[in-house]
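J.: Pasting the feature list from TrEMBL:
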- 6-150: domain 'Flavodoxin-like' (DOMAIN)
- 12-17, 59-62, 97-106, Asp132: FMN binding site (BINDING)
- 206-446: domain 'FAD-binding FR-type' (DOMAIN)
- Arg350, Arg382, Ala383, Phe384, Ser385, Gly416, Leu417, Cys418, Ser419, Trp596: FAD binding site (BINDING)
- Thr460, Ser515, Arg516, Lys521, Val522, Tyr523, Val524, Gln525, Asp558: NADP(+) binding site (BINDING)
Amino acid sequence: MPRPGLLVLFGSQTGTAQDVSERLGREARRRRLDCRVQALDSYSVVNLINEPLVIFVCATTGQGDPPDNMKNFWRFIFRKHLSPTSLCQMDFAVLGLGDSSYAKFNFVAKKLHRRLLQLGGSALLPACLGDDQHELGPDAAIDPWLQDLWEKVLGLYPVPPDLGVIPPGVPLPSRFTLHFLLGTPRMRSEEQHVAHADPPGPPSEQQPFLAPMVINQRVTGPSHFQDVRLIEFDITGSGLSFAPGDVVLIQPENQASHVQQFCRVLGLDPSRYFTLLPREPGVPCPAQLPQPCSVRHLVSHYLDIASVPRRSFFELLACLSPHELEREKLLQFSAPQGQEELYSYCNRPRRTILEVLCDFPHTAGAIPVDYLLDLVPPIRPRAFSIASSLLAHPSKLQILIAVVQYQTRLKEPRRGLCSSWLASLDPGRGPVQVPLWVRPGSLTFPETPDVPVIMVGPGTGVAPFRAAVQERVAQGRTGNFLFFGCRWRDQDFYWESEWVELERKGCLRLFTAFSREQERKVYVQHRLRELGPLVWELLDHQGAYFYLAGNAKRMPADVSEALTSIFQEEGGLSGPGAADYLARLQRALRFQSETWA
């Protein structure tokens with residue numbers, strides 16, 4: 001029987017599902033299977049009817065939502081008119097990645113598995129449900145599941161006896177080769193690459209807009225534990241268009257000192273230029289990299305050396321290591337039985353790729369340069385809610401960011417790559433440009449003028465609601481009800497004077513919860529319950545829309561619980577009736593949330 005190609009399709013928000021998919025691709029190639037690995041939305045879904053063998057790797061984000069790079073596929077696969085025999089020729093398996101502390105744990109994987117069965121697909125295995133909460137992370141479920149998967153696949157399509165399986169210790173060929181130039185190009189390709197005098201369309205990941213930063217201001221008090229910044233960009237002439245609820249994506253850079261250290265440990269000359277060539281036909285080079293490219297540009301703008309390495313990093317590093325003791329340790333970290341030790345060494349203290357390479361200097365110094373793009377993942381853009389209205393401020397784009405910094409058992413504090421990079425930029429010292437583009441967010445506001453909106457945004461979750469209030473006030477809409485929560489009125493009450501002035505003008509009703517200003521902590525859900533009659537009146541009698549934004553851990557569940565209590569107390573509904581009322585609001589898009597971990 002001829003051996004088919006394996007297709008691995010992924011939906012990934014933070015890169016974990018992509019990493020697992022690439023692991024599947026490597027394991028398939030070791031078993032002599034041709035394998036393509038693609039993001040779901042980059043695959044032409046109409047061709048799915050011709051695919052004999054597909055593995056879907058899907059994360060669940062927010063409150064049971066699919067990742068951004070599979071949303072188009074998600075809409076297509078749930079079309080009602082699709083035939084129940086559409087996928088009758090396809091063997092498939094679904095691998096899910098989620099967090100069991102959330103109510104809709106692995107919702108996307110479970111729902112996709114059911115839908116593929118409805119369309120006639122044949123499941124090789126039950127869906128794998130990887131769990132971030134497990135002490136060993138998702139691999140605790142993935143490892144045994146993959147073992148079963150390969151048994152099934154090789155039962156259907158055995159490895160040709162004259163070839164055999166490529167053993168784990170033998171490195172697969174690198175995806176790209178780097179060809180170094182003798183001199184320096186006459187015009188630096190990085191400058192050509194970012195030039196946008198005549199962009200082909202609106203700014204995008206492939207062609208971001210280099211936005212001048214004009215304001216970078218700390219908005220928390222000096223004694224507050226967190227550094228929160230209001231950052232403003234000048235977007236004149238950018239072609240950017242956005243609405244309240246949309247997000248801006250920003251492509252950060254590595255610290256210059258980290259770039260120098262990485263080059264030193266690997267023995268790289270940052271000033272050298274190279275061209276990048278794929279080994280296999282049809283494999284595109286990363287669009288974010290100019291051709292030719294300097295080593296400095298590759299490391300500072302593309303390689304995510306400040307990220308926590310995944311297990312696949314240790315597997316490849318072990319293959320490439322010429323040093324017996326270091327290789328032995330790397331093999332321990334990459335083996336299933338070494339995952340507890342790896343978690344303790346790497347994940348718990350949030351040790352970075354750069355720090356790991358410094359711990360394995362003999363191995364780091366011997367890494368063939370062609371393997372850099374296989375070993376180190378690309379820097380992913382970070383998404384931030386837009387905190388300003390294009391209608392109210394046509395040439396501005398503002399964001400509110402919390403600078404991520406925390407301590408683990410390691411000496412150096414852990415820092416968020418993007419927030420720390422943005423905080424370090426000082427437009428007062430000279431021109432600063434930041435690569436960015438926008439995309440639709442998950443919040444959409446009603447177009448009908450007299451529909452009221454209730455917005456619940458504690459902390460930096462208030463950012464999208466500032467954009468919405470600015471826009472609605474500019475349109476003359478006054479039914480704006482904002483619930484804002486923070487710790488202290490005088491330390492982290494963002495845009496206090498703005499809200500007070502809008503209240504004075506009758507454009508806004510503001511309800512605040514300052515959690516640390518009294519003995520008993522008070523949060524936004526407590527204010528909602530106190531104002532239950534108003535909330536019920538707005539939702540049930542005036543058709544209001546309800547919005548929620550902020551941290552995904554406990555707050556969404558607490559707010560939902562407060563709402564169901566209001567529906568019971570003010571609307572006279574039973575427990576199940578209140579839950580059904582909330583579900584109907586969600587289906588009608590009158591209850592929307594945007595939350596993040």
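Any Cβ shown, glycine's included, is placed from N, Cα and C.
Any TrEMBL annotation is an automated prediction that lacks curation.
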J.: Please work out the helix, strand and coil residue numbers for the domain 'Flavodoxin-like' (6-150) from the DSSP assignment.
T.: 58 helix, 34 strand, 53 coil
J.: What Cα-Cα separation, expressed in whole Å, is found between Arg350 (FAD binding site) and Gly15 (FMN binding site)?
T.: 16
J.: Select the closest residue to Ser419 (FAD binding site) from the following binding-site residues, measuring between CA atoms: Phe105, Thr460, Val524, Asp558.
T.: Thr460
J.: May I ask for the distance between Leu417 (FAD binding site) and Phe105 (FMN binding site), taken between their Cα atoms and rounded to an integer number of Å?
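T.: So the Cα of Phe105 (FMN binding site) lies 28 Å away from that of Leu417 (FAD binding site).
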J.: Restricting to the binding-site residues Gly15, Asp99, Thr460, Arg516, Val522, Asp558, which ones have a CA within 10 Å of the CA of Ser385 (FAD binding site)?
T.: Thr460
J.: Please tell me which one of the binding-site residues listed here (Ala383, Val522, Asp558) sits closest to Asp99 (FMN binding site), measuring Cα to Cα?
T.: Asp558
J.: Residues with Cβ closer than 8 Å to the Cβ of Ala383 (FAD binding site), same chain and 6+ apart in sequence?
T.: Val247, Val248, Leu249, Arg439
J.: Using Cα coordinates, what distance in whole Å links Ser12 (FMN binding site) and Val522 (NADP(+) binding site)?
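T.: With distance taken Cα to Cα, Val522 (NADP(+) binding site) is 36 Å from Ser12 (FMN binding site).
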J.: Within 10 Å of each Cβ, count the other Cβ atoms, then let me know which of the binding-site residues Ala59, Leu417, Val522, Val524 comes out lowest.
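T.: Output over binding-site residues Ala59, Leu417, Val522, Val524: least Cβ neighbours within 10 Å is Val522.
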J.: Between Thr460 (NADP(+) binding site) and Gly15 (FMN binding site), what is the CA-CA distance rounded to a whole number of Å?
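T.: Pair distance, Cα basis, whole Å: 24 Å.
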J.: Got a sec? Which of these binding-site residues, Asp99, Asp558, has the most Cβ atoms within 10 Å?
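T.: Within the set of binding-site residues, the most crowded position is Asp99.
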J.: On a C-alpha basis, identify the one among Gly15, Ala59, Gly62, Tyr102, Phe105 that is nearest to Asp558 (NADP(+) binding site); the candidates are the binding-site residues.
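T.: Checking each of Gly15, Ala59, Gly62, Tyr102, Phe105 against Asp558 (NADP(+) binding site), the shortest Cα distance is to Tyr102.
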J.: If I take the alpha carbons of Ala59 (FMN binding site) and Val524 (NADP(+) binding site), what is the distance between them in whole Å?
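T.: Here the two Cα atoms are 29 Å apart.
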J.: Using only C-alpha positions, which one of Arg516, Val522, Val524 is spatially nearest Tyr102 (FMN binding site)? These are the binding-site residues in the record.
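T.: It is Val524, whose Cα lies nearest.
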